[in-house]
Amino acid sequence: MTDAATGTTRADTFEDPLVIAGEKFHSRLIMGTGGAPSLHVLADALRASGTEMTTVAMRRVDPNAQGSVWDVLRETGVRPLPNTAGCFTAVDALRTARLGREALETNWVKLEVVADERTLLPDPVETLDAAERLVDEGFVVLAYTNDDPVLARRLAQVGCAAVMPLGAPIGSGMGIRNPHNIELIVEELDVPVILDAGIGTASDAALAMELGCDAVLLATAVTRAQDPVLMAHAMREAVSAGRRARLAGRIPIRRYAHASSPPREG
């Protein structure tokens, strides 16, 4: 609808913040920092994406280093989200999360505990164990997990602030391999669902939002694109378009044609 007095439409004034643990974010795109060809390109890509938060692997980046990703985040004003990437046990994840809390003075953490280096698939047993213990220590946990509705429900039950099912293995670019399970997770959970891993291009990000995800987290799809800055902008628009399409409501799928205009009578 258009406001006759101002000429603006609902789309022009659309406000739909992402809320995690009571904090609001205007962008529903969360970025990662790994794989960028240079810090300059990373900074430009973060700006183009419109993101307000980006993950940083605490085991791989020195918080005190100069000329690093930390300088980029300070320059762009993007909030860092400590990540336990590279952890294979709950014990390692707890140690890394505590390091992030001390170094960055935040109790937010993206929990990532993988089973092996070949697949980088989440270890469900270690992930659930780590999540429960981190929540008990007062962390705001955003948990990376498989596209398993039962495990997603358990993670929410132990107190995770957001659950982050994968679309496909990390860095694979295969898109969303099991959209049905993602829909089941969205239907089941009362906490935000963030599609994490496997995104290859903008249409994958749009699909995640159309399936009902609250946000998308991606890194490789942007940082290793031929033009990372242009791809970051594409992802920004895709996430926005997918979210609006979800809220607008798609038409039902029909087996046969259905005329858009009724036949004239008489």
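Each Cβ is built from the backbone N, Cα and C atoms, and glycine gets one as well.
Listed by Swiss-Prot as binding 1-deoxy-D-xylulose 5-phosphate are Ala197, Gly198, Ala219, Thr220; the candidate from Gly171, Gly212, Gly242 that the record includes in that site is Gly171. Secondary structure at Lys110 (active site, schiff-base intermediate with DXP), taken from DSSP and collapsed to helix, strand or coil, is strand.
Its Cβ placed at the centre, Gly171 (1-deoxy-D-xylulose 5-phosphate binding site) has 18 other Cβ atoms within 10 Å. With respect to their backbone Cα atoms, Ala197 (1-deoxy-D-xylulose 5-phosphate binding site) and Lys110 (active site, schiff-base intermediate with DXP) stand 13 Å from each other.
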